[in-house]
Amino acid sequence: MGLQRGMPLAQLGEPFGITPSSIENVSPGIDQCKDHRMDVSMRSDPTDCSSDTTNTFHSSIHIIQPPPNNGFRLMNWKTDSSSETEIDIGDVRKCGEKADPRQFELLKVLGQGSFGKVFLVRKVRGRDSGHVYAMKVLKKATLKVRDRQRTKLERNILAHISHPFIVKLHYAFQTEGKLYLILDFLRGGDLFTRLSKEVMFTEDDVKFYLAELTLALEHLHSLGIVYRDLKPENILLDADGHIKVTDFGLSKEAIDSEKKTYSFCGTVEYMAPEVINRRGHSMAADFWSLGVLMFEMLTGHLPFQGRDRNDTMTQILKAKLSMPHFLTQEAQSLLRALFKRNSQNRLGAGPDGVEEIKRHAFFAKIDFVKLLNKEIDPPFKPALSTVDSTSYFDPEFTKRTPKDSPALPASANGHEIFRGFSFVSNAVMEERKLIAKSVRSVPTAKTNPFTDDYEILEKIGNGAHSVVHKCQMKATRRKYAVKIVKKAVFDATEEVDILLRHSHHQFVVKLFDVYEDETAIYMIEELCEGGELLDKLVNKKSLGSEKEVAAIMANLLNAVQYLHSQQVAHRDLTAANILFALKDGDPSSLRIVDFGFAKQSRAENGMLMTPCYTAQFVAPEVLRKQGYDRSCDVWSLGVLLHTMLTGCTPFAMGPNDTPDQILQRVGDGKISMTHPVWDTISDEAKDLVRKMLDVDPNRRVTAKQALQHKWIGQKEALPDRPIQSEQVGELDMQNVKVALEQTYKAIASAPSVQLRPVGSSALAKRRMKEILYANYTKNVSANA
């Protein structure tokens, strides 16, 4: 089948750098299905690349001057491509435990071609046991001399690169017949495809991704490496939404800033003019490709795209670029500076290199130091699947049984050819990272029976649309909570999507897995064994201290402020939806649960909106509605704060109060602080209660403002003694809990306005009187 630009990388089969669309990208990796080819380079000079039609691309990483003492050497490299020799990488330093195929469990086939396969694997031995990786397995016998060189070059480059925005090589090893590369498994998918399908983003959002990409190029160039294959398929998202540059099969090493390479390679639409005309290219070629990516991100279109490849190349060499009028002056300026056909005049080609690009006005608001340290949150977090999910891969491959078949050695000296190939990353021994646990979105949830993997235990809760049970995973005997939602009565898609993106937050309930059958959705969540927040007070039969209450409120505000910053409103922050994960009720184990009524900000076309997009392009009435939802979250926490401090609710006097009575008190907006208990509470606490319960949502503090309030900020210095029980009296906390629930129910069931005939409205009656009076006056005048 033919592919078109914009098709998800998953359908191409590879989200970590082996794209079946350009076989050259796969030359050190996988030559996937020929009918999946999309980007094909044209060659007329057989010295540039092999003329074999099954291997239409050649390596693009070019090293421009190897750093001194870098542990490898390149022998007899000639930049005119007239001759090539093998690369001796025997001097690469190895550290830590040596890996071999027996240490990896094969989980799925991710791709397959004439060179070998790509597997999803899990490490089953060693300190990083349990980690999931992508494993390229290459058959030595099928690798031509040029392919062997590129394979070792890719391994060589990746072994010496450690950068937050570049894919990491963890191990490289070989058997007599095969080569193995163990890489990051990136589950976030292709950045541009994901964003174009899921989220509305703006020029400010583009700055973030382009800045991270610029830092990646800066690092490569500092090592003397020209990337030469910058395109959307090679820029992927990690679990947090940061980019990772992948696929170094087309990169080239060992040229300095004044030398050039003459290879014709890459993807035509992203090629610089000097690559097409074969006059030699340097690192500046990457900056042209950066401009193409920037243009595509901002407009959704390629800057140069003809009827066919030849026409596209002609446009790149000669056509005048049409600059969209809606781009800012800074964006247009940067694009023009990157699209200089004379590479010597191109921004970044000067003596300061990438620094010239970083100093451009387009990036004026970007703090590159914080960005490099990942101290700036990405504008978009992908909805991730389980740690070993392959939902973004071609099912043609993933449905196959993973099997690493034996291979004959390439030749009698096959092992010697790849001498020094083995490698173990330093980080493998030094870092012990937790595996992120999240889940598939509902459309791709697991469809095998939930009871195949879990045993359902006792019921622990229920709601209007769902029931919650304890459950136990059969394989590990670990206990979870399973929320079962009937599809016929409630659509859980939004709830699952929100938890996929945000359950990593410390104070949001963790979502581990999702199952789906014909009648229900099964959400496997963290089991909160500490129970409800107010149950703790019920059991204590006394109030906590201000210090304890402030710690609880700080954590809740932290979670709500995060959700609001991500364009999510919970809209159901009742006391029953705030639980403790641990039995000891430590405030650090607080969890906000039940996102059934939560909402994400979406554009009219259903796509998610980043904060920048929301602020710039959303209608005022939509913003007011979003602000109202978020303000209600703060109000709900204000009710809870009042109750925890005083032992009574602000608007319900007892369990027998009617909704109308409660709503009347809420509408009055009067909060009495005359009870003796308030005499024992600090003025700062009283001030925060008033601000969170302000009847006017426009005056009410936001979650961020509440989190910055003085009372929260000085929580460690607050009194640690319980609020005096003699002032409160004997607490019936069960009645307090019921009264609090009545308050939330009253708000949720606030009666809607009863519509009556138009003629019965006061305005209609007044106008009718005016008409009757006018007619009366007219008749009187006529009779006179």
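From the backbone N, Cα and C atoms, a Cβ is placed for every residue, glycine too.
In the three-state DSSP scheme, Asp229 (active site, proton acceptor) is classed as coil. Residue density at Asp229 (active site, proton acceptor): 31 other Cβ atoms are found within 10 A of its Cβ, drawing on all protein chains shown. Marked as active site, proton acceptor by Swiss-Prot on the basis of similarity to another entry: Asp229 (among others).
The active site, proton acceptor annotation in Swiss-Prot covers Asp572 (among others). When secondary structure is read from DSSP and collapsed to three states, Asp572 (active site, proton acceptor) falls in the coil class.
As annotated by Swiss-Prot, domain 'Protein kinase 1' applies to 104-363.
Summarising the annotation, Swiss-Prot assigns domain 'AGC-kinase C-terminal' to 364-433 and lists sequence analysis as the type of evidence.
What Swiss-Prot records for 454-712 is domain 'Protein kinase 2'.
The phosphoserine annotation in Swiss-Prot covers Ser263 (among others) and rests on similarity to another entry.
The phosphothreonine feature in Swiss-Prot is assigned to Thr401 (among others).
As annotated by Swiss-Prot, phosphoserine applies to Ser405 (among others).
According to Swiss-Prot, the phosphoserine annotation covers Ser422 (among others), on the basis of similarity to another entry.
What Swiss-Prot records for Thr610 (among others) is phosphothreonine, and it gives similarity to another entry as the kind of evidence.
Rounded to the nearest whole angstrom, the C-alpha distance between Asp572 (active site, proton acceptor) and Asp229 (active site, proton acceptor) is 48. Cβ neighbours within 10 Å of Asp572 (active site, proton acceptor), excluding its own Cβ and spanning all shown chains: 20.
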